[in-house]
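Peer 1: So TrEMBL has the following annotated:
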type	residues	note
TRANSMEM	B:6-29	transmembrane segment
TRANSMEM	B:41-60	transmembrane segment
TRANSMEM	B:72-92	transmembrane segment
TRANSMEM	B:99-124	transmembrane segment
TRANSMEM	B:157-177	transmembrane segment
TRANSMEM	B:211-234	transmembrane segment
Amino acid sequence: MVGALAIILLFQLAGEVISRAGHLPLPGPVLGMVGLVVALSVSTRLRELIRPTAQGVLQNLSLLFVPAGVGVVAHMPTLANYGLALAVSLVVSTLLAIVVGAVTFTWVARLVGSRADD
Amino acid sequence: MTDAALIWSYLASKPLLWLCATLFAYWAGDTIFRRSGRKPWANPVMIAVILLAVLLGLTGTEYQSYFEGAQFVHFMLGPATVCLAVPLQANLGAVRRALVPIVVALLAGSFTAVFSALAIAWAFGADTALLATLAPKSATAPVAIGISESLGGAPTLTAVLVLLTGMIGAIFVTPMLNALGLKDWRARGFATGVAAHGIGTARAFQVHDTAGAFASIGMGLNAVLTAFLAPLVLRMFL
(Lines of atoms letter the chains of each structure in order from A and count residues from 1; the text may use other names and numbers.)
(Lines give C-alpha, C1' and ligand atoms only; values in the text may rest on other atoms or scores of the structure.)
Protein backbone atom coordinates (compact mmCIF):
# COMPACT_ATOMS: atom_id res chain seq x y z
CA MET A 1 0.00 0.00 0.00
CA VAL A 2 2.73 2.47 0.97
CA GLY A 3 4.95 1.12 -1.80
CA ALA A 4 2.17 1.45 -4.38
CA LEU A 5 1.39 4.99 -3.25
CA ALA A 6 5.07 5.93 -3.40
CA ILE A 7 5.37 4.60 -6.97
CA ILE A 8 2.17 6.40 -8.07
CA LEU A 9 3.49 9.67 -6.61
CA LEU A 10 6.87 9.06 -8.24
CA PHE A 11 5.23 8.75 -11.70
CA GLN A 12 3.32 11.99 -11.04
CA LEU A 13 6.54 13.68 -9.92
CA ALA A 14 8.40 12.50 -13.03
CA GLY A 15 5.47 13.72 -15.15
CA GLU A 16 5.58 17.17 -13.54
CA VAL A 17 9.33 17.46 -14.07
CA ILE A 18 9.11 16.40 -17.75
CA SER A 19 6.07 18.64 -18.38
CA ARG A 20 7.77 21.71 -16.91
CA ALA A 21 11.26 21.05 -18.25
CA GLY A 22 9.92 20.41 -21.77
CA HIS A 23 7.22 23.17 -21.66
CA LEU A 24 4.67 20.55 -22.76
CA PRO A 25 0.91 21.24 -22.94
CA LEU A 26 0.20 17.95 -21.09
CA PRO A 27 -0.30 18.26 -17.30
CA GLY A 28 2.24 16.31 -15.20
CA PRO A 29 -0.27 13.72 -13.91
CA VAL A 30 -1.32 12.85 -17.50
CA LEU A 31 2.32 12.24 -18.44
CA GLY A 32 2.64 10.18 -15.27
CA MET A 33 -0.38 8.13 -16.35
CA VAL A 34 1.10 7.50 -19.82
CA GLY A 35 4.38 6.47 -18.22
CA LEU A 36 2.63 4.11 -15.82
CA VAL A 37 0.66 2.45 -18.68
CA VAL A 38 4.00 1.65 -20.34
CA ALA A 39 5.54 0.43 -17.08
CA LEU A 40 2.50 -1.76 -16.25
CA SER A 41 2.61 -3.34 -19.73
CA VAL A 42 6.22 -4.34 -19.13
CA SER A 43 6.06 -5.58 -15.53
CA THR A 44 3.53 -8.05 -14.13
CA ARG A 45 4.94 -7.54 -10.63
CA LEU A 46 4.30 -3.81 -10.81
CA ARG A 47 0.72 -4.50 -12.00
CA GLU A 48 0.05 -6.69 -8.95
CA LEU A 49 1.60 -4.13 -6.63
CA ILE A 50 -0.30 -1.09 -7.96
CA ARG A 51 -3.74 -2.55 -8.78
CA PRO A 52 -5.37 -2.75 -5.28
CA THR A 53 -4.31 0.79 -4.36
CA ALA A 54 -5.28 2.24 -7.75
CA GLN A 55 -8.69 0.57 -7.59
CA GLY A 56 -9.24 1.95 -4.09
CA VAL A 57 -8.44 5.47 -5.27
CA LEU A 58 -10.56 5.18 -8.44
CA GLN A 59 -13.56 3.79 -6.54
CA ASN A 60 -13.67 7.07 -4.60
CA LEU A 61 -12.72 9.26 -7.54
CA SER A 62 -15.87 11.41 -7.28
CA LEU A 63 -14.99 12.52 -3.73
CA LEU A 64 -11.87 14.24 -5.06
CA PHE A 65 -13.97 16.63 -7.20
CA VAL A 66 -15.80 18.06 -4.18
CA PRO A 67 -13.30 20.73 -2.97
CA ALA A 68 -12.95 22.21 -6.47
CA GLY A 69 -16.71 21.93 -6.99
CA VAL A 70 -17.42 23.97 -3.85
CA GLY A 71 -15.45 26.71 -5.64
CA VAL A 72 -18.76 27.48 -7.35
CA VAL A 73 -19.53 29.77 -4.38
CA ALA A 74 -16.67 32.03 -5.51
CA HIS A 75 -18.05 32.21 -9.07
CA MET A 76 -21.68 33.15 -8.50
CA PRO A 77 -21.34 36.49 -10.40
CA THR A 78 -19.91 34.74 -13.50
CA LEU A 79 -22.61 32.10 -13.37
CA ALA A 80 -25.31 34.77 -13.05
CA ASN A 81 -23.92 36.74 -16.03
CA TYR A 82 -23.24 33.78 -18.31
CA GLY A 83 -25.68 31.18 -16.96
CA LEU A 84 -27.65 30.85 -20.20
CA ALA A 85 -24.54 30.78 -22.42
CA LEU A 86 -22.95 28.07 -20.27
CA ALA A 87 -26.13 25.99 -20.03
CA VAL A 88 -26.73 26.00 -23.80
CA SER A 89 -23.04 25.39 -24.49
CA LEU A 90 -22.78 22.42 -22.08
CA VAL A 91 -25.98 20.68 -23.15
CA VAL A 92 -25.53 21.09 -26.92
CA SER A 93 -21.79 20.33 -27.00
CA THR A 94 -22.05 17.25 -24.76
CA LEU A 95 -24.96 15.67 -26.64
CA LEU A 96 -23.45 16.56 -30.03
CA ALA A 97 -20.07 15.07 -29.04
CA ILE A 98 -21.70 11.80 -27.92
CA VAL A 99 -23.66 11.46 -31.17
CA VAL A 100 -20.68 12.38 -33.39
CA GLY A 101 -18.39 10.00 -31.47
CA ALA A 102 -20.84 7.05 -31.49
CA VAL A 103 -21.83 7.49 -35.16
CA THR A 104 -18.18 7.86 -36.24
CA PHE A 105 -17.14 4.76 -34.26
CA THR A 106 -20.00 2.69 -35.75
CA TRP A 107 -19.30 3.76 -39.34
CA VAL A 108 -15.53 3.33 -39.16
CA ALA A 109 -15.87 -0.06 -37.42
CA ARG A 110 -18.17 -1.21 -40.24
CA LEU A 111 -15.77 0.18 -42.84
CA VAL A 112 -12.68 -1.63 -41.49
CA GLY A 113 -14.63 -4.74 -40.45
CA SER A 114 -13.89 -4.43 -36.70
CA ARG A 115 -16.52 -6.47 -34.85
CA ALA A 116 -17.53 -6.52 -31.20
CA ASP A 117 -16.54 -9.71 -29.35
CA ASP A 118 -20.01 -10.30 -27.94
CA MET B 1 -15.78 35.66 24.43
CA THR B 2 -17.93 32.67 25.34
CA ASP B 3 -16.53 29.14 25.21
CA ALA B 4 -18.51 28.31 22.06
CA ALA B 5 -17.14 31.37 20.27
CA LEU B 6 -13.59 30.47 21.37
CA ILE B 7 -13.93 26.92 20.11
CA TRP B 8 -15.40 28.17 16.82
CA SER B 9 -12.59 30.66 16.24
CA TYR B 10 -10.05 27.91 16.96
CA LEU B 11 -11.71 25.42 14.58
CA ALA B 12 -12.23 28.03 11.87
CA SER B 13 -8.46 28.58 11.72
CA LYS B 14 -7.57 24.86 11.39
CA PRO B 15 -7.98 22.45 8.43
CA LEU B 16 -9.67 19.73 10.51
CA LEU B 17 -13.21 21.15 10.49
CA TRP B 18 -13.60 21.56 6.71
CA LEU B 19 -11.78 18.34 5.88
CA CYS B 20 -14.24 16.56 8.15
CA ALA B 21 -17.21 18.43 6.64
CA THR B 22 -16.07 17.54 3.09
CA LEU B 23 -15.93 13.82 3.87
CA PHE B 24 -19.30 13.84 5.65
CA ALA B 25 -20.99 15.84 2.89
CA TYR B 26 -19.73 13.36 0.30
CA TRP B 27 -20.80 10.43 2.46
CA ALA B 28 -24.29 11.93 2.67
CA GLY B 29 -24.35 12.52 -1.10
CA ASP B 30 -23.19 8.98 -1.83
CA THR B 31 -25.84 7.52 0.51
CA ILE B 32 -28.61 9.49 -1.23
CA PHE B 33 -27.20 8.41 -4.61
CA ARG B 34 -27.31 4.72 -3.66
CA ARG B 35 -30.76 4.97 -2.05
CA SER B 36 -32.09 6.54 -5.28
CA GLY B 37 -30.95 3.45 -7.20
CA ARG B 38 -27.92 5.30 -8.64
CA LYS B 39 -29.95 7.78 -10.66
CA PRO B 40 -27.73 10.22 -12.63
CA TRP B 41 -29.60 13.27 -11.28
CA ALA B 42 -28.70 12.25 -7.69
CA ASN B 43 -24.99 12.78 -8.37
CA PRO B 44 -23.11 12.49 -5.04
CA VAL B 45 -20.64 15.26 -5.91
CA MET B 46 -23.41 17.69 -6.77
CA ILE B 47 -25.21 16.89 -3.49
CA ALA B 48 -21.99 17.32 -1.48
CA VAL B 49 -21.21 20.62 -3.21
CA ILE B 50 -24.70 22.00 -2.50
CA LEU B 51 -24.53 20.91 1.18
CA LEU B 52 -21.10 22.49 1.65
CA ALA B 53 -22.01 25.68 -0.24
CA VAL B 54 -25.05 26.13 2.03
CA LEU B 55 -22.90 25.44 5.10
CA LEU B 56 -20.28 27.99 3.99
CA GLY B 57 -23.03 30.54 3.42
CA LEU B 58 -24.65 29.93 6.83
CA THR B 59 -21.35 30.18 8.74
CA GLY B 60 -20.07 33.09 6.64
CA THR B 61 -16.91 31.15 5.73
CA GLU B 62 -14.78 32.24 2.76
CA TYR B 63 -13.92 29.64 0.09
CA GLN B 64 -10.23 30.32 0.86
CA SER B 65 -10.49 29.12 4.45
CA TYR B 66 -12.68 26.17 3.41
CA PHE B 67 -9.97 25.14 0.94
CA GLU B 68 -7.30 25.16 3.70
CA GLY B 69 -8.99 22.00 4.95
CA ALA B 70 -10.27 20.56 1.68
CA GLN B 71 -6.88 20.82 -0.06
CA PHE B 72 -5.85 17.41 1.28
CA VAL B 73 -8.69 15.81 -0.68
CA HIS B 74 -8.03 18.05 -3.70
CA PHE B 75 -4.36 17.02 -3.77
CA MET B 76 -5.34 13.40 -4.49
CA LEU B 77 -6.63 14.39 -7.98
CA GLY B 78 -3.08 14.16 -9.36
CA PRO B 79 -2.31 10.65 -8.06
CA ALA B 80 -5.85 9.59 -9.11
CA THR B 81 -5.08 10.64 -12.70
CA VAL B 82 -1.93 8.50 -12.61
CA CYS B 83 -4.08 5.60 -11.29
CA LEU B 84 -6.24 5.73 -14.46
CA ALA B 85 -3.27 3.91 -16.04
CA VAL B 86 -4.48 0.67 -14.40
CA PRO B 87 -7.87 0.25 -16.19
CA LEU B 88 -6.35 1.68 -19.38
CA GLN B 89 -3.54 -0.88 -19.39
CA ALA B 90 -5.98 -3.71 -18.57
CA ASN B 91 -8.01 -2.83 -21.69
CA LEU B 92 -5.07 -2.44 -24.07
CA GLY B 93 -6.03 -5.65 -25.89
CA ALA B 94 -9.54 -4.41 -26.65
CA VAL B 95 -8.06 -1.09 -27.76
CA ARG B 96 -5.73 -2.83 -30.21
CA ARG B 97 -8.59 -4.83 -31.78
CA ALA B 98 -10.65 -1.69 -32.44
CA LEU B 99 -7.77 0.72 -32.96
CA VAL B 100 -8.95 2.45 -36.15
CA PRO B 101 -12.52 3.22 -35.02
CA ILE B 102 -11.15 4.31 -31.62
CA VAL B 103 -8.68 6.80 -33.09
CA VAL B 104 -11.14 8.30 -35.58
CA ALA B 105 -14.03 8.48 -33.07
CA LEU B 106 -11.71 9.96 -30.43
CA LEU B 107 -10.60 12.77 -32.77
CA ALA B 108 -14.18 13.45 -33.96
CA GLY B 109 -15.80 13.31 -30.50
CA SER B 110 -13.11 15.27 -28.70
CA PHE B 111 -12.94 18.02 -31.32
CA THR B 112 -16.75 18.29 -31.43
CA ALA B 113 -16.90 18.63 -27.63
CA VAL B 114 -14.32 21.43 -27.42
CA PHE B 115 -15.22 23.29 -30.63
CA SER B 116 -19.02 23.33 -30.24
CA ALA B 117 -18.78 24.36 -26.57
CA LEU B 118 -16.47 27.28 -27.38
CA ALA B 119 -18.42 28.31 -30.52
CA ILE B 120 -21.69 28.56 -28.59
CA ALA B 121 -20.20 30.41 -25.60
CA TRP B 122 -18.31 32.73 -27.99
CA ALA B 123 -21.56 33.51 -29.86
CA PHE B 124 -23.09 34.47 -26.50
CA GLY B 125 -20.19 36.92 -25.95
CA ALA B 126 -18.15 34.97 -23.36
CA ASP B 127 -14.73 36.51 -22.61
CA THR B 128 -11.34 34.82 -23.05
CA ALA B 129 -11.02 33.66 -19.44
CA LEU B 130 -14.45 32.01 -19.58
CA LEU B 131 -13.61 30.26 -22.87
CA ALA B 132 -10.37 28.94 -21.32
CA THR B 133 -12.42 27.76 -18.34
CA LEU B 134 -14.92 25.98 -20.59
CA ALA B 135 -12.56 24.41 -23.17
CA PRO B 136 -11.46 21.29 -21.19
CA LYS B 137 -14.91 20.47 -19.72
CA SER B 138 -15.26 17.06 -21.39
CA ALA B 139 -11.96 15.80 -19.93
CA THR B 140 -11.92 14.05 -16.55
CA ALA B 141 -11.85 16.60 -13.68
CA PRO B 142 -8.23 16.28 -12.50
CA VAL B 143 -6.98 16.76 -16.06
CA ALA B 144 -9.52 19.47 -16.94
CA ILE B 145 -8.51 21.45 -13.84
CA GLY B 146 -4.85 21.22 -14.86
CA ILE B 147 -5.61 22.32 -18.45
CA SER B 148 -7.82 25.20 -17.28
CA GLU B 149 -5.03 26.43 -14.98
CA SER B 150 -2.45 26.36 -17.77
CA LEU B 151 -4.78 28.21 -20.20
CA GLY B 152 -5.52 31.02 -17.73
CA GLY B 153 -9.06 29.88 -16.88
CA ALA B 154 -10.73 29.53 -13.47
CA PRO B 155 -10.00 25.94 -12.33
CA THR B 156 -12.72 25.83 -9.67
CA LEU B 157 -15.35 26.93 -12.20
CA THR B 158 -13.98 24.34 -14.65
CA ALA B 159 -14.57 21.67 -11.99
CA VAL B 160 -18.23 22.68 -11.77
CA LEU B 161 -18.61 22.69 -15.59
CA VAL B 162 -16.97 19.24 -15.76
CA LEU B 163 -19.48 17.87 -13.25
CA LEU B 164 -22.42 19.35 -15.13
CA THR B 165 -21.10 17.95 -18.43
CA GLY B 166 -20.89 14.46 -16.93
CA MET B 167 -24.40 14.66 -15.52
CA ILE B 168 -25.88 15.93 -18.82
CA GLY B 169 -24.20 13.07 -20.67
CA ALA B 170 -25.26 10.44 -18.12
CA ILE B 171 -28.90 11.55 -18.11
CA PHE B 172 -29.40 11.82 -21.89
CA VAL B 173 -27.05 9.24 -23.45
CA THR B 174 -29.26 6.12 -23.30
CA PRO B 175 -32.55 7.55 -24.64
CA MET B 176 -30.67 9.60 -27.27
CA LEU B 177 -28.59 6.73 -28.72
CA ASN B 178 -31.60 4.38 -28.57
CA ALA B 179 -33.57 6.90 -30.63
CA LEU B 180 -30.73 6.97 -33.18
CA GLY B 181 -30.76 3.15 -33.36
CA LEU B 182 -27.04 2.74 -32.54
CA LYS B 183 -26.48 -0.80 -31.24
CA ASP B 184 -22.67 -1.23 -31.05
CA TRP B 185 -21.93 -1.12 -27.29
CA ARG B 186 -18.31 -0.28 -28.00
CA ALA B 187 -19.34 2.82 -29.97
CA ARG B 188 -21.93 3.90 -27.40
CA GLY B 189 -19.59 3.47 -24.45
CA PHE B 190 -16.55 4.98 -26.11
CA ALA B 191 -18.39 8.14 -27.23
CA THR B 192 -19.84 8.56 -23.73
CA GLY B 193 -16.42 8.29 -22.09
CA VAL B 194 -14.95 10.85 -24.50
CA ALA B 195 -17.77 13.39 -24.06
CA ALA B 196 -18.81 12.81 -20.44
CA HIS B 197 -15.69 11.36 -18.67
CA GLY B 198 -16.08 9.49 -15.34
CA ILE B 199 -19.74 10.23 -14.66
CA GLY B 200 -20.64 9.08 -18.18
CA THR B 201 -18.39 6.04 -17.70
CA ALA B 202 -20.14 5.11 -14.44
CA ARG B 203 -23.46 5.36 -16.33
CA ALA B 204 -22.12 3.20 -19.19
CA PHE B 205 -21.11 0.44 -16.72
CA GLN B 206 -24.70 0.38 -15.42
CA VAL B 207 -26.07 -0.18 -18.91
CA HIS B 208 -23.58 -2.70 -20.35
CA ASP B 209 -20.13 -4.05 -19.36
CA THR B 210 -18.59 -3.64 -22.81
CA ALA B 211 -19.92 -0.08 -22.95
CA GLY B 212 -18.32 0.58 -19.56
CA ALA B 213 -14.92 -0.78 -20.55
CA PHE B 214 -14.89 1.27 -23.76
CA ALA B 215 -16.10 4.34 -21.86
CA SER B 216 -13.10 4.15 -19.53
CA ILE B 217 -10.82 3.85 -22.58
CA GLY B 218 -12.52 6.89 -24.12
CA MET B 219 -12.18 8.88 -20.91
CA GLY B 220 -8.47 8.02 -20.56
CA LEU B 221 -7.58 8.79 -24.17
CA ASN B 222 -9.60 12.02 -24.18
CA ALA B 223 -7.76 13.20 -21.08
CA VAL B 224 -4.55 13.06 -23.10
CA LEU B 225 -6.02 14.45 -26.35
CA THR B 226 -7.86 17.36 -24.68
CA ALA B 227 -4.57 18.57 -23.21
CA PHE B 228 -3.33 19.02 -26.81
CA LEU B 229 -6.61 20.02 -28.45
CA ALA B 230 -8.00 22.59 -25.97
CA PRO B 231 -5.18 25.17 -26.43
CA LEU B 232 -5.31 24.78 -30.24
CA VAL B 233 -9.09 25.18 -30.53
CA LEU B 234 -9.10 28.02 -27.98
CA ARG B 235 -6.68 29.95 -30.21
CA MET B 236 -9.29 29.84 -33.03
CA PHE B 237 -11.61 32.03 -30.91
CA LEU B 238 -9.10 34.63 -29.69
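Even glycines carry a Cβ here, placed using N, Cα and C.
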Peer 1: To the transmembrane segment (B:157-177), which of B:6-29, B:41-60, B:72-92, B:99-124, B:211-234 is linked by the most Cβ pairs under 8 Å?
Peer 2: B:41-60
Peer 1: Does the chain bring the transmembrane segment (B:72-92) near the transmembrane segment (B:99-124), so that three or more CB pairs sit under 8 Å (pairs 6 or more apart in sequence)?
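Peer 2: Answer no: the transmembrane segment (B:72-92) and the transmembrane segment (B:99-124) share fewer than 3 Cβ pairs below 8 Å.
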Peer 1: Which residues of the chain, 6 or more past the ends of the transmembrane segment (B:99-124), have a CB below 8 A from one of its CBs?
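Peer 2: Long-range Cβ neighbours of the transmembrane segment (B:99-124): 130-131, 134-138, 186-187, 190-191, 194-195, 217-218, 221-222, 225-226, 229-230, 233-234, 236-237.
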Peer 1: In terms of Cβ proximity under 8 Å, which residues at least six beyond the ends of the transmembrane segment (B:6-29) contact it?
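Peer 2: Here the qualifying positions are 43-49, 51-52, 55, 61, 65-73.
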